[in-house]
Amino acid sequence: MSSAPASGSVRARYLVYFQYVGTDFNGVAAVRGTQRAVGVQNYLEEAAERLNSVEPVRFTISSRTDAGVHALSNAAHLDVQRRSGRPPFPPEVLAEALNTHLRHPAIRVLRAFRVPSDFHARHAATSRTYLYRLATGCHRRDELPVFERNLCWTLPADCLDMVAMQEAAQHLLGTHDFSAFQSAGSPVPSPVRTLRRVSVSPGQASPLVTPEESRKLRFWNLEFESQSFLYRQVRRMTAVLVAVGLGALAPAQVKTILESQDPLGKHQTRVAPAHGLFLKSVLYGNLGAASCTLQGPQFGSHG
């Protein structure tokens with residue numbers, strides 16, 4: 001579970017789950033140097049400085065999210081070596097200490113666990129699930145309730161053809177070369193991914209939104225599960241499925257796009273905005289019940 005450096009103190013590795021509203025951040029990854037933009041990781045590592053570790057604490061993030069993307073539950077591992085031979089922090093104490101010293105109210109550490117010294121938060125993940133939220137019937141931005149702004153993609157259409165979207169989604173299931181849904185020029189060893197689950201279902205407004213405010217709006221949830229995704233793959237798949245829901249594409253055309261394996265095709269102009277996307281969960285098969293899956297009630301589905 002740990003290594004014993006020459007100083008006599010113990011270096012302990014932890015897995016931490018954390019959540020954030022991504023609106024104010026330049027993504028989850030730390031921004032180094034003199035840039036004014038700041039990532040979620042910058043704040044986490046700043047809080048970790050107060051742990052007084054022998055070595056600077058660095059977070060290795062499981063799943064990188066872009067600017068404006070949110071996380072109900074992301075994960076990272078970190079090593080902490082206390083001074084003067086003190087024993088490692090209990091996980092719950094570590095989580096509480098990080099939250100105490102976090103300087104941004106849109107970030108919160110959820111839980112922490114001790115893990116083996118060779119555990120890797122990114123490589124060990126067995127499942128990642130993303131949620132994308134849509135709101136239809138919103139013809140102007142000022143029609144969207146305050147407590148839904150920057151938390152969903154608004155569409156002026158009154159409704160989506162959910163049956164057609166569900167039919168189109170079936171073409172994406174399974175193991176495929178997803179080159180057509182990755183950003184052109186994104187270097188990856190292989191564009192092949194296995195999409196284990198994709199769902200399209202009615203959603204609901206935040207419980208902070210009054211019935212009168214949401215009377216003309218309809219909410220929709222898209223969920224995607226895989227061990228890993230290509231850069232912006234989820235946002236591009238979402239945009240294509242929305243095009244099907246609006247009648248701009250037929251369900252069969254999604255299969256054609258997928259099989260084209262063309263990252264420069266006309267469909268590449270379709271990218272869903274970042275603010276509707278949430279990293280919902282990151283799971284680790286070897287941790288069993290330790291994996292932390294959270295879903296706020298405002299993001300649930302009916303039925």
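The backbone N, Cα and C atoms fix where each Cβ goes, and this holds for glycine too.
On a predicted model such as this, the values are computed, not experimentally measured, just so you know.
Summarising the annotation, Swiss-Prot assigns active site, nucleophile to Asp66. Under DSSP, Asp66 (active site, nucleophile) is assigned to coil, being neither helix nor strand in the three-state scheme. Cβ neighbours of Asp66 (active site, nucleophile) (same chain, under 8 Å, six or more residues apart in sequence): Gly22, Gly27, Arg232, Ala274.
According to Swiss-Prot, the substrate binding site annotation covers Tyr130. Other C-beta atoms found within 10 angstroms of the C-beta of Tyr130 (substrate binding site) number 25, with every protein chain shown included.
Positions annotated as phosphoserine by Swiss-Prot, on the basis of a large-scale study or a structure entry: Ser84. The Cβ neighbour count for Ser84 (phosphoserine), using a 10 Å radius and every protein chain shown, is 9.
Ser84 (phosphoserine) sits 42 Å from Tyr130 (substrate binding site), taking the CA atoms of both as reference points.
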